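Undergrad: Below is the structure I would like to discuss, written out as structure tokens.
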Amino acid sequence: LPIVVKAFEMEIIPANRIVAQIGETLILTCNTTGCASPSFSWRTQMDNPLGGTVNNHRTYSTLTMNPVSVVNSHDYLCTVFCGEQEKKEKSIKVELYSFPSDPIIEIRPSSLVYGERVTVICKIPDVYPSDHLEVILKKDELVLHEENFYEDDSTNTETKTVTYSFKYTSEDIGKEITCVAKLPIANMDFEPKERVTSQKLNANFGPQNTIITVSPDNPPMEGDSLNLTCVTESNPSPQIIWRKHLADESIQHLIENNVLSIPDARFNDSGLYICEVINLVTNKTEKATVDIVIQGAPNIAELSIEPSATVQEGENVSIQCSAESNPPPKIILRRKADSTDMGPYSEGRVLVLSSVTFLHGGNYECVAENSFGESKSDITLNVEFPPQNITVLVYPSENVKEGENVTITCSTYSNPPSQMVLKKVHQEKEIILPSVNGTFILYNVTKNDTGRYLLDVFNEVGNNIKVIEIAVVGRLEKPDQMIPLIIAFSCVAAVAVPVVAILIYVSRKAKINGSYSLVKALRLKV
């Protein structure tokens, strides 16, 4: 078979013409076929520096430009020799451009103020060739300014700037400034040929028109949930601080939030609330206030007795009551009783009782009322006094016969309840007589029971002593039927109503040899 020999050929990749962006990497390849050992040569048509690196391989050669710069804007010629006789050449045109990034917008001043001029600056970075650059500035869809650089003679990449000023109005807030940059180079195939950047006109202003809204908007009642909202106009968003004026004219710091919540309103939540709004950019501050009045039925805050709830007769006493409500309450202090005669009474916060007696003791109540209702609370006044009005009865009499029974009874007032001791004066000594459940008993008396008896009635406040003379004479004619003498003492102490308990003992038919025995002394607690 005949041997097919390929003809000597060459090509440049890419062919004929290439568009490259400055700053990127570009590789030109010169490739051959039909030659076993080709040799390569690269040059520009004007014999300018190559501006790149050549790498030769067995059948191809590369020219690498990294990065591509304006010095690479040439026609490049690749020459290939195959032996001494054969030579081939091809050229490629390198066309350059630079349009690497979107425009950059600056708006000056940074704090926009109504009525003052605003300057919009649009920068298009590293453009080449700039004599094809077109720039449009718009506010929303309104074209503010158009500018081209057709007369520019820059020979390298440059950042081009377009500036435009206008008067800033309240209608401009929130509108969008757009910078459109175009690089429409005919017969150059690259994308994008248009770049766009937008930025809103966000003016820094305020705070202004600051108000406080209250929810719910009806007059707040005690126990309601309450929300105070601070509403303002400000950009950027402001710092909000809530404060409250206290009764002592001091200021209480509450929270830093636009909403102040009071979940369970009480009367002491009433007061003047202050919302302070601070714009840290404009360095301006504005305040709004609202007076909150919590309404409701009275609450009795305090009911007390001075100097104490327990006093002694003759002391001066004041009963004091305080209540909180809105509207302010009417306060009544009075003796608490079921009868129509209420006793001490005061339409005010203080009821004064001068030189109290036991009759002043008892329960007192405070009644606080307003249009929303009433509240009541009571307290007890305890008036202490020593035993008073002691009445002593001797039965059958202070003069008795041997074997007879004697009963001694008494009644008294006292607070706290009285105790009682019955003593017999005997040979300059006092002998305490026996007591059983408050009754002192002497069985089958003899003449030895004759004498003076002391009845000592006392409590923590004071005491009172009564003297009783008992005389015992002769025996009864029928000794087998003696009537024993019983000395019984009963003392009943009462605070309000005296009770006289008269103990009558019947005669016991027993013979008890006319004597009595002493038992351990007992103090009678009544």
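We count from 1, first residue shown onward.
Every residue, even glycine, has its Cβ placed from backbone N, Cα and C.
Marked as domain 'Ig-like' by TrEMBL: 2-95, 207-291, 298-382, 387-471. The transmembrane segment annotation in TrEMBL covers 482-506.
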Undergrad: When the domain 'Ig-like' (2-95) is classified with DSSP, how many of its residues are helical, how many are strand and how many are coil?
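TA: Its residues fall into 3 helix, 53 strand, 38 coil.
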Undergrad: Average the per-residue pLDDT over the domain 'Ig-like' (387-471) and send me the rounded value.
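TA: For the domain 'Ig-like' (387-471), the model's average pLDDT rounds to 83.
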Undergrad: Tally of helix, strand and coil residues over the domain 'Ig-like' (387-471) according to DSSP?
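TA: Summed over the domain 'Ig-like' (387-471), the classes give 3 helix, 52 strand, 30 coil.
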